[in-house]
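Features as listed in Swiss-Prot:
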COMPBIAS  1-17  compositional bias 'Polar residues'
REGION    1-22  region 'Disordered'
COMPBIAS  41-66  compositional bias 'Polar residues'
REGION    41-92  region 'Disordered'
CARBOHYD  65  N-linked glycosylation site
COMPBIAS  67-81  compositional bias 'Low complexity'
CARBOHYD  113  N-linked glycosylation site
DOMAIN    127-308  domain 'Reticulon'
CARBOHYD  135  N-linked glycosylation site
TRANSMEM  138-158  transmembrane segment
TRANSMEM  166-186  transmembrane segment
TRANSMEM  233-253  transmembrane segment
TRANSMEM  255-275  transmembrane segment
CARBOHYD  303  N-linked glycosylation site
């Protein structure tokens, strides 16, 4: 251990040449230390334990603690709220902000796991009204719009029609504007003064449209899960028959034709069900009674066999 010398100028005692040299060397060491430990605005001032001591860095526990705490940041469950508050994907079980495995990445998974049907009932009623033709004009326009979206792009080259139309529009407007500038000696055009404001998209209206589409998709997704888990066995059996028919049609129909057939079935079968609802319910009730009778007879047969 080297001899320690005080740097306090107000301390009493005799001053020798060795004391002056030691004080000078200590002052130089202090200046070098302060220069090495530059203080940034975002950091705290160094404490007294950060200055040089008699022990080297490898043997000084204070310096070891400081270096370890600066090189290895401490994270706790409270310091990372994004990992706990981010939605968990029910498909992959991953956090949107931590695992980066969901399709929506930081936004989380687009699917939620819930026990309630969080869908506006008006959307379900409106969709059923369209499919059952309660409003004929709305159902007809919806069906024609879907068929037009399927067949019009195959009949008409829409990009070519778009550019062929606007090449004449842009040419005519530029000629008219140049003519107005030429007639007024470059002071005033013709068409450039007609526009009073710019037309932009309303984000709120787009959000409402997207939300309506998502609600319709959720209705179909919920109905598919009800069929899949046999909440209504008759409906599940009907869906299996429809799937068999679709499997048969997919053997010789193209994707477009198969899609059109599905759309037509979606607009025809619900209407047939509504028109024949009483007879269908009577048939279902008779089938249930027959099933109960067969179940009762089978139970009685098993009981008599066991008793013998």
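Glycine is no exception: its Cβ is also placed from the backbone N, Cα and C atoms.
Across the glycosylation sites listed here (113, 135, 303), the residue whose Cβ sits among the most other Cβ atoms within 10 Å is 135. A contact between the transmembrane segment (138-158) and the transmembrane segment (233-253) is absent, since fewer than 3 of their C-beta pairs, 6 or more residues apart, lie under 8 Å. Per-residue confidence over the domain 'Reticulon' (127-308) averages 89 (mean pLDDT, predicted model).
Note: the Cα of residue 303 (N-linked glycosylation site) and the Cα of residue 135 (N-linked glycosylation site) are spaced 56 Å from each other. The CA atom of residue 135 (N-linked glycosylation site) is located 34 Å away from the CA atom of residue 113 (N-linked glycosylation site).
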